[in-house]
Every structure is written in structure tokens, then in C-alpha cells.
Amino acid sequence: MKMEDMSLSGLDNTKLEALAHDVYSDLVEDACLGLCFEVHRAVKQGYFFLDETDQESMKDFEIVDQPGVDIFGQVYNQWKNKECVCPNCSRSIAASRFAPHLEKCLGMGRNSSRIANRRIASSNNTSKSESDQEDNDDINDNDWSYGSEKKAKKRKSEKNPNSPRRSKSLKHKNGELSGSVNPDMYKYNYSSGISYETLGPEELRSILTTQCGVVSEHTKKMCTRSQRCPQHTDEQRRAVRVFLLGPSASTLPDADTMLENEAYEPPDGQLIMSRLHWDASSDISPSDSASSKASTNNSESKRPKKKKPSTLSLTPAGERDKAQERDRIAGSGSSGSSSQNALGLSSRKKRPKLAVPPAPSIYDDLN
């Protein structure tokens, strides 16, 4: 007889019903528990009543498809400024200004990137210097040191004050620098002005001798224009000199004196020599005189006219020199027009020497 037959035969009907009830209750409990979990999750997530929404509430969120209004039923105004809320400072900003505001607010603009690049470069330089100190074995390697040597040479050429870039002649806004300016003054940047705090007394004196020197209230830089600067007055220049130099400011030359000295030219004897040559050429033959007159007129027309000094006058000694020069040129006039022209050119090119005591001549007895 089998085991199953024995177990079933030994059970009565009450026990069988109890077992069937237990199995059924387990199945119902599993089914109900799953449904309860699903309903609970739907309620917590907010989609339990999604299919059974009220029709009146649905009308509030209905998409509007009409001309002249947007999807929400509002009248569209194209002139109204669109506003955006900054996620960092929570300010409402116009849409056209939102991007630059966000760059500045978050620190992601151009200036911030430059600052970040400088920080990265400085950190790289510090780490590179530390690595160079640690790795001294590769100093003599040409492949590794070529770039650094090139950079070092470039830095030396930039620091060299005698480089051709620094030796270029600088100009004022109102004219060129005069020849009496100290060459050490070229090391300052004339486009941005000169800082008087870094200059010594001698440098200040040399600068204030030739330049305006009035200190700007905003930039704290000295004006590098001439002493006839139209932007500043004489009182301002005088006050700056007293402030910077103290009592020694009175020893500086005045602007009028500087201009008179620059405008003064010593009397040139070339004009006298050309006149002597003109007087002597009148004693030569007509053909020679015509050619010499034509050449002289051409040269005088090409040469710019000079202003005769009002105090120029010939003394008796000067008259004697003039007569001697006339006799000498008249005696040599018979040699021909070629020698005459050569003599005229040489007399024009040579500058007159210093005045020497006149030699005794036949005119002394007449006087």
C-alpha cells in the first residue's frame, strides 16, 4: 500500500477543509497585498486619480489654439521684455542681458578666465621651478634646454636698455624732443606719463627743465608736453616745481627764456660771402657775368631766405676785409668762368672762421 494512500485515508473531512482554507487565504492575501502596494504607490506619486480628472479643472490647462494669443490664452506682446531669473542671485534680468550677467555673477567671463589662466600659469611656473631644482641632471641636455635658453635670451634682450627698440627717438605731441634732453629720460613711457614718485631730484630737474610737468589729479602722472602746453597754466607749472623741488625751483629757467634761447641763431657769414661774390662777379666779362648771374639767381631762388639780423653792420675792419676779398676775386676772374663757379661754390660751402685781427693794407694809410 502506498504512502499517499495511507495519508489521505487517515485524514478526515474536517482536516481537509482546514488545509484548503489555509491555502486559499494565502493566495488571497498575496493578491490583496500587491494591489494595496500599487494603490499606495500611485497615491504617493500623484498619479492614482490621473484617469479620473474633473472636466472643469481640465479646461484650465487646455491648450488654446487661436490667432493672436499664445497656447495659454494670453495676448502676445512682442515689445514686452522677456525676463529670466538668475540661478545664482535669484534676480529677474532681461533676456538680452542675461548671458553677460550670468558670466559676471558666476565668475565665468573674460576677465575671470584671464585671472584663472594667470593663476594656472603661476602655479605651473612654481611647479616647474621646483621640478628644475629636483632634476638637475638634465641641465646640460641641449634638447631640453633649447627652449629655456631661447626664453632667457628674449628676456635679456627685453631688459637690455641699449636694445634698438628702446633707442628709438621718442616725440612729444607738440613736436620733437630737443637735443639737450638727457638720454636717460627715454626710459620712461611718454604715452602714459611719468610717475614723479620714482624719480630722483636730478631726474626731476632735467624733466622740469624741458617739459610741462603738471601732475594729473586722476592718474598721478606728470604731463610730458613742452613748457608751452595749452592744457595747463604757468601758475600750475610753477606750483608743481615748488612742490617737487622746493626752494631750488627758482633756479630753473623760465619757459620764455628757453624759447628765446632755442630761437636764437648766431649770425651766419655765408650771406656776406655770397654778396662779396656777387660784387666781384660784376667786374668780369659780360658772358661770364651772365652765366654767373643766372647760376646765382637759381641758387638763391632755391635756397630759403634767411632773416637778416637787425644789428648786423660792417665796421671799418669789415670794409677792409671786403675790399681785400674783392681784389682777390677780381684778380682770379681772368682764369675763366669754370674757376669762378668753383670759387663761388667753395666760398658758399665753407663757413666763415672766427674774426681775426685784420692784416695791414694800403687802406690804413688812407684812413
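Placed from the backbone N, Cα and C atoms, the Cβ positions cover glycine too.
Quick look at what Swiss-Prot annotates:
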{"type": "COMPBIAS", "residues": "116-125", "note": "compositional bias 'Low complexity'"}
{"type": "COMPBIAS", "residues": "132-141", "note": "compositional bias 'Acidic residues'"}
{"type": "COMPBIAS", "residues": "280-299", "note": "compositional bias 'Low complexity'"}
{"type": "COMPBIAS", "residues": "330-346", "note": "compositional bias 'Low complexity'"}
{"type": "DOMAIN", "residues": "199-266", "note": "domain 'SCA7'"}
{"type": "REGION", "residues": "116-184", "note": "region 'Disordered'"}
{"type": "REGION", "residues": "280-367", "note": "region 'Disordered'"}
{"type": "ZN_FING", "residues": "84-105", "note": "zinc finger"}
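Within the chain carrying the compositional bias 'Low complexity' (116-125), a Cβ under 8 angstroms from the stretch's Cβ atoms is held by none of the residues 6 or more beyond its ends. Residue counts for the zinc finger (84-105) under DSSP, split into helix (H, G, I), strand (E, B) and coil, are 11 helix, 5 strand, 6 coil.
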